[in-house]
Amino acid sequence: METLFSGIQPSGIPTIGNYIGALKQFVDVQNDYDCYFCIVDQHAITMPQDRLKLRKQTRQLAAIYLASGIDPDKATLFIQSEVPAHVQAGWMLTTIASVGELERMTQYKDKAQKAVEGIPAGLLTYPPLMAADIVLYNTNIVPVGDDQKQHIELTRNLVDRFNSRYNDVLVKPEIRMPKVGGRVMSLQDPTRKMSKSDDNAKNFISLLDEPNVAAKKIKSAVTDSDGIIKFDRDNKPGITNLISIYAGLTDMPIKDIEAKYEGEGYGKFKGDLAEIVKAFLVEFQEKYESFYNSDKLDDILDQGRDKAHKASFKTVKKMEKAMGLGRKR
């Protein structure tokens with residue numbers, strides 16, 4: 001069975017877009033791959049974080065994974081900082097990366113421009129740590145969006161460099177892009193991806209939004225003026241985005257949605273979608289609360305940590321041996 005790895009930062013509550021584009025798809029593939037789902041809190045601290053808020057959001061994200069349908073008997077859910085091999089392997093890969101290629105990373109450039117008090121070194125060395133996250137588990141498949149594709153390409157380059165310089169120790173991962181329709185956009189500006197860090201709360205629906213508030217956001221979402229329910233990302237981005245949300249939450253094919261609402265106006269469609277979103281959030285949040293406030297969540301994270309540690313320790317030891325680190329025993 002091939003291995004799939006995915007990491008999400010606990011830097012905010014995931015949106016309904018994160019659910020449709022990632023979490024829901026993870027549930028679908030956990031029967032087909034040996035899945036490792038990592039809460040990458042060490043990546044989060046490359047930017048300033050409040051320690052209490054970070055811990056809370058880490059636990060919230062773990063509960064959200066489980067509420068989404070991740071089965072701890074099929075997949076490994078764990079927290080990055082609880083598995084020491086990540087920073088160990090991250091440092092080893094940092095030593096074979098060049099400053100030039102790290103400075104070319106688009107996310108580094110974007111975040112460095114926003115840095116108020118100097119550029120944290122962790123921003124620059126973020127990609128080798130991300131590469132370590134992936135290679136530690138002999139990962140074959142990494143599901144990512146366009147914004148992370150450049151980092152995975154760098155990971156593949158670092159794997160080639162390590163294997164060429166030392167030994168064929170590391171597995172070279174393949175990129176898997178989200179399926180068509182899996183990308184959910186901003187509700188008020190459907191030319192931009194929906195983001196949990198957006199300053200305008202009307203642009204996104206958090207998985208922990210109050211359901212009635214979320215329904216209002218759907219009803220006030222931007223559309224066009226012709227009133228035709230048709231999937232056309234180039235010419236009708238607003239209604240196309242709402243159709244994507246409808247399809248993502250109901251599993252109804254886009255063509256069937258178009259046929260169902262043929263001759264109907266946007267008011268009817270938005271009203272129905274608002275109720276679908278509301279019902280989804282009510283059920284989702286009930287599951288979330290049952291995990292967040294339970295000892296079972298800690299048991300699952302302990303189990304995931306132990307499995308991840310066992311698997312990653314083997315890879316780190318192979319890397320250390322290949323590089324000549326430590327004593328020969």
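Any Cβ shown, glycine's included, is placed from N, Cα and C.
From a predicted model like this one, the values you see are computed outputs, not experimental measurements.
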Candidate ranges 10-18, 145-153 [criterion: Swiss-Prot lists as motif ''HIGH' region']: 10-18
From Val135, Val184, the one annotated by Swiss-Prot with Gln9, Pro10, Ser11, Gly17, Asn18, Gly145, Asp146, Asp147, Lys193, Met194, Ser195, Lys196, Ser197 for ATP: Val184
Cα-Cα distance linking Asp133 (L-tryptophan binding site) and Ser11 (ATP binding site), given in Å to the nearest integer: 18
Asp133 (L-tryptophan binding site) versus Asn18 (ATP binding site) - Cα distance in angstrom: 20
For Gln9 (ATP binding site), the three-state class that DSSP assigns: coil
Number of Cβ atoms other than its own within 10 Å, given for Asp146 (ATP binding site): 10
Rounded Cα separation (Å) that holds between Asp146 (ATP binding site) and Asp133 (L-tryptophan binding site): 19
